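Take a look at the structure below.
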Amino acid sequence: MAALLTAARGGGAAAPSALDARRRPRRRLRRLLRHLFLLVFVLLMVYPLLWMVVSSFKPGELVLTQPGIVPEAVTLENYRFGWNALNEPFTHYLINSFLVAFGAILGNLFSCSLTAYALARLEFRARKAYFAIVLGSVMLPMHALVIPQYIAFSELGFVNTYVPLLLPKFLATDAFFIFLLMQFIRTLPRELDQAAMIDGASPFRIFWSVILPLLQPALVTTAVFTFIWTWNDYFTPLIYLTQSEMYTVSVALKSLVDVQTSSGTGILFAMSLISLVPIFIFFITAQKYLVQGIATTGLK
Amino acid sequence: MSTVTDRPVPAGGQLPPPAPARRRRRSQAGIAHVFLTPFLLGLVLITAGPLLASLYLAFTDYDMLSAPSFVGIENFERMFADQNWRASVSVTLRYVVISVPLQLAFALLLAAGLDKGIRGLSFYRSAFYLPSLLGSSVAIAILWRQIFGDSGLINQALALIGIEGSSWLQNPDTALSTLIVLNVWTFGSPMVIFLAGLRQIPEELYEAARVDGAGKIREFRSITMPLITPIIFFNLILQTIGSFQAFTQAHIISGGLGGPLNSTLFYTLYLYRQAFVNYNMGYAAAMAWVLLVVIAVFTAVYFLTSKYWVHYGDE
């Protein structure tokens with residue numbers, strides 16, 4: 001398809017007819033206008049973020065008076081104050097969030113790849129029923145489950161631990177990723193499995209030595225999305241984590257909101273930005289995988 | 001000798017044909033369930049079990065201190081008499097019905113503008129997609145609270161051109177709109193899905209239309225729109241389900257209360273308050289089931305009407 005597109009583009013430029021020649025300046029103008037429009041739109045979209053970056057370096061009072069993104073004065077005070085404004089230094093919450101996010105990645109990679117392999121490759125009667133359950137649970141609102149889950153975890157004494165945040169990941173409850181990995185496994189030639197089977201490999205061996213290595217791009221996609229979603233998640237840690245030393249970054253930010261008055265906007269911005277840095281890094285390094293993952297399954 | 005023959009052992013150059021699927025079906029059920037152990041445990045412990053439990057709790061009164069007491073349909077009756085509940089339904093429906101179509105319209109228009117081998121595609125795509133990744137974070141909710149605050153970015157900008165701003169977040173008429181704007185701002189993820197869909201439309205169709213003298217608008221209406229309806233359908237379902245569950249932004253921006261005058265009292269926000277602030281677990285479970293049913297109804301309506309407006313090509 002891509003070849004077709006480029007061919008169509010190249011063909012138009014390489015064989016100019018008299019008609020094309022007359023139209024070319026107008027087309028160039030139109031193209032320019034389109035880029036101009038798109039760039040203005042991009043600026044509009046990204047302006048709030050730029051402004052937040054700049055404002056986080058402004059001395060407190062100026063945040064509330066300057067809409068521009070060229071700072072008149074630069075200070076690191078917001079970061080210094082923000083870092084120590086809560087019970088623990090902000091580093092503590094960052095580490096908590098990383099622990100939870102990496103735990104979630106481990107859980108999803110483990111459980112979703114096993115499930116996806118079984119549903120995509122093994123033959124058994126209940127397969128279709130399980131797949132229907134996977135698809136159906138994508139539509140299931142988490143709120144219909146969260147109340148009994150909370151009651152159960154609280155009875156078991158798991159409130160204020162990371163168990164309620166991580167256990168579901170190890171039990172393949174993120175149906176999106178099962179679906180994504182299944183889609184990917186389906187594109188791998190079945191002959192590979194069959195050849196391995198003829199060589200006497202067990203399904204476990206095939207999964208581990210044949211499928212998993214080929215699955216790498218989809219596994220990276222799963223890992224990156226799991227990281228971003230877990231890092232951003234607010235509802236679950238809000239419910240389960242009540243002691244401030246257990247807080248993840250999102251709950252820590254919320255308590256910073258409660259502590260700071262409006263004059264502390266710069267401080268809030270500084271810490272908010274710090275919380276977005278890991279996502280930015282993942283976004284920049286794994287863009288290709290993110291876009292692919294989105295396009296194939298429609299993940300957020 | 002004869003015991004060996006029932007196992008297909010390849011001997012010499014004579015490989016047996018690839019084992020037909022039918023023969024393997026029986027033998028792989030056991031091994032499949034070993035692979036599926038985490039999934040099945042999750043299904044029972046994290047999904048199906050809690051789902052049934054919440055259905056039971058919906059008919060009880062339970063505060064987590066004494067045992068749940070069965071109250072029949074009292075929770076549901078109470079809901080319809082509850083002013084706050086009615087407000088939360090109205091807020092959530094308005095949010096979904098306004099922001100989802102707006103978001104998808106932006107997504108589709110920009111995807112159409114970005115298609116056709118435009119230069120810098122990956123730059124534009126990233127710039128538009130970034131807000132989708134950040135949108136659900138507390139950090140962006142904090143930013144949004146400031147942008148629309150009394151001395152926020154919007155009012156500062158308006159002041160520059162001599163217009164006196166408004167108290168966007170304090171005014172019940174405008175508070176919900178700020179959250180709608182935030183949701184529309186995250187149009188990047190449906191846009192990426194649209195881009196993938198637009199790639200699938202054969203270029204010949206456009207060439208044929210151009211030969212027939214069709215203009216850009218006509219092309220979009222007669223070729224792009226009909227062929228992209230399956231993707232619209234897909235995005236519509238995903239975004240509707242997601243928007244019904246919006247929580248973080250409202251919780252941060254309204255300080256957890258859904259004010260002013262309940263104008264940002266999202267359904268999930270009220271549910272959270274009933275469950276985890278007031279510990280009315282039975283009532284909250286009943287609310288959760290109503291949400292589940294409403295989402296199911298929306299999805300069903302999309303599916304049922306889809307045959308009138310979703311075109312699946314020749315197949």
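Heads up, residue numbers simply count up from 1 along the chain you see.
Yeah, the Cβs are placed from backbone N, Cα and C, and that goes for glycine too.
As annotated by TrEMBL, domain 'ABC transmembrane type-1' applies to B:89-302.
What TrEMBL lists as region 'Disordered' is B:1-22.
Cβ atoms under 8 Å from those of the transmembrane segment (B:31-59) belong to residues 68, 70-73, 75-76, 281-282, 285-286, 288-289 of the same chain, restricted to positions at least 6 beyond its ends. Per TrEMBL, the feature transmembrane segment maps to B:31-59 (among others).
Same-chain residues lying 6+ beyond the ends of the transmembrane segment (B:93-114) with a Cβ under 8 Å from its Cβ atoms: 121, 124-125, 128, 176, 179-180, 183-184, 186-188, 190-191, 193-195, 198, 220, 224, 228, 232, 235-236, 239-240, 243-244, 246, 266. The annotation transmembrane segment is assigned in TrEMBL to B:93-114 (among others).
Taken from TrEMBL, the feature transmembrane segment covers B:126-144 (among others). Residues 110, 178-179, 182-183, 185-189, 191-192, 248-249, 251-253 of the same chain, all 6+ positions outside the transmembrane segment (B:126-144), place their C-beta atoms under 8 angstroms from a C-beta of that stretch.
For B:175-198 (among others), the entry in TrEMBL reads transmembrane segment. Counting only same-chain residues 6+ beyond the ends of the transmembrane segment (B:175-198), those with a CB under 8 A from a CB of the stretch are 91, 94-95, 98-100, 102-104, 106-108, 110-112, 114-115, 125, 128-133, 135-136, 140-141, 144, 148, 168-169, 224, 228, 230-231, 234-235, 238-239, 243, 246, 249-250, 253-254, 259-260, 263-264.
Annotated transmembrane segment per TrEMBL: B:219-238 (among others), in sequence order.
Annotation comment: TrEMBL describes B:250-272 (among others) as transmembrane segment. Taking Cβ pairs closer than 8 Å, the transmembrane segment (B:250-272) reaches residues 84-85, 87-89, 91-92, 95, 138, 141-142, 144-145, 169-173, 175-176, 178-179, 244, 284, 287-288, 291 in its own chain, all 6 or more past its ends.
Marked as transmembrane segment by TrEMBL: B:284-305 (among others).
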